[in-house]
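Student: According to TrEMBL, the protein has these features:
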type	residues	note
REGION	1-28	region 'Disordered'
COMPBIAS	7-17	compositional bias 'Gly residues'
REGION	33-52	region 'Disordered'
DOMAIN	271-368	domain 'Fibronectin type-III'
REGION	369-389	region 'Disordered'
Amino acid sequence: MPRGAPGPAGDGEGAAAGLGDPDGEKLEARRDGCLAGSTGSPTAPSRVRLGRDLSQDGTVNLQVTGLDLGRMKLDSPQCLLDQEEAGEAGDRQLLEPETWRTYAEHRDALHKFLTVDLSPQLLKRHHAHVELLRKCSYYIEILPKYLALGDQNPRVPPSTFQFIEPQKFQRMKKAGATQAKIQLLLLEELLEQLGRGRSELDALLESPDPRPFLEGWGLVEQRLADLSAVLDSFLATMVPGRLHIKHRLVSDINTTKIPNIQVMLSTKTPVIFDRKESVAHHDWVSLRWFVTLQPAVPEQFELRYKLLDPETQQECVQYSIIPVAAYAFDVQNLLPNRSYKFTIKRVEGYTLVYEPWLDSLTLQTRPRSLEGPAPHSLGKLGPALTTPS
C-alpha cells in the first residue's frame, strides 16, 4: 500500500500512516529565550521536544518534554498567597523574634478595639440613636430624692406641684431646654471624635511596615485610652440624667410638707406618620401615626392641617387644629385635587421643656370622581386642650 494511503477500518498501521512517519520519527523544535535554562541565564536556550509514539493498538501518544510547568503558574491564587506569606516572613526576618511577638500582640489589641469596641456597625447604631434623640421630646420629671429613676412608681404625688413656685418652675424649664440642646450638641461632637479616631487607627493598622507601628506604640496606647474615655462619655450622655440646677424649686417654708425631690430630664420618642397607611381621597384624608415605644397610659395628640397655596380668601380658612385621643383620624371636607400639609405631635404638657422636631406629611387629594361616600371618622376626638394652672 502506498505511504499515506488510508487503510481499511480498524487497521492500526493505516491509521498511523495517515498521520505521518510510520517509524515514529521525532520532531524537534528549538526556541531561544522563551524559558530560562537550568543555569538560570535568561538567554540560555531550552529545547522543547514533541514526541509521537505509536502503540500496538494503533493510538498515538504525544509527549512534550523540556517545559518547566512550575514556572508557568506565577499568576495563580496559590502563588499570590505564597508571595504574601513571603512578604510577612520578610518582615519577620527584619525584627528579632521577641520584637515580632510584641508587634503581633499590639496589632491584635488594636484590631480587637476597632472591631469590638468601635466597629463600623456600632458607630452606625450610635448615629441612628443620636438621630432619634434629635427627634425626641424632652420633659422635666420631679422624683423623690431617695428613689432611683428605674424604681416602680417613682413620681411624687400631683399635689407636690402646688408647693412649687411657678416662676422658679419656668426658669427650671428654660434650664432644661438649654441642657437638652447642649446634650445633643455634645453627642454629635463626641460621635465625630469617635469616627475620626477610628479612621486614624484603621490607617495605622493597614500600614505594611511594622517598625513605625512599634516606634509610635506609646502614642497609639494614649490614643486608645482617649477614645475609650470619649466612648464612655458618649454612652453616659445618651441617657438624659439629672437636671443641673442652682436654686430650689420649693420655698423653705414648705419643705416640711413634701419629701425631698430631685429634678430629672426624660424623653419621649417622636410621633411619626405611617406613610403607607395614610391615604388621600378626593375630598378627605385618612391619617395614621405611631410611636416607637408605646406608653403605659393613653396619650393625646394634636393634629394640624392647612391648605397649601390657597387661591381665594375663602380657601385661607382651610386650616384647623384637632385634638385626637387615638392613633388614627380622618379629615373630612377637603378640596379635591389640592395639596394639604399635616403635622402631628403630642398635646403640649405642663412639663414639656424642649421639642425640636415635628413630623409632617403632605398629601394631595384626588380630582373629583365617582367615589363612594366618605367613611365615618376612624379617629376619636379628645377632650379640650387644657394647661394645668
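Heads up, the Cβ atoms here are built off N, Cα and C, so glycines get one too.
TrEMBL: automatically predicted annotations, no manual curation.
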Student: Could you count the residues of the domain 'Fibronectin type-III' (271-368) that DSSP puts in helix, in strand and in coil?
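Tutor: In the domain 'Fibronectin type-III' (271-368), the DSSP-based counts are 4 helix, 46 strand, 48 coil.
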Student: Return the average pLDDT for the domain 'Fibronectin type-III' (271-368) as a whole number.
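Tutor: Its mean pLDDT is 93.
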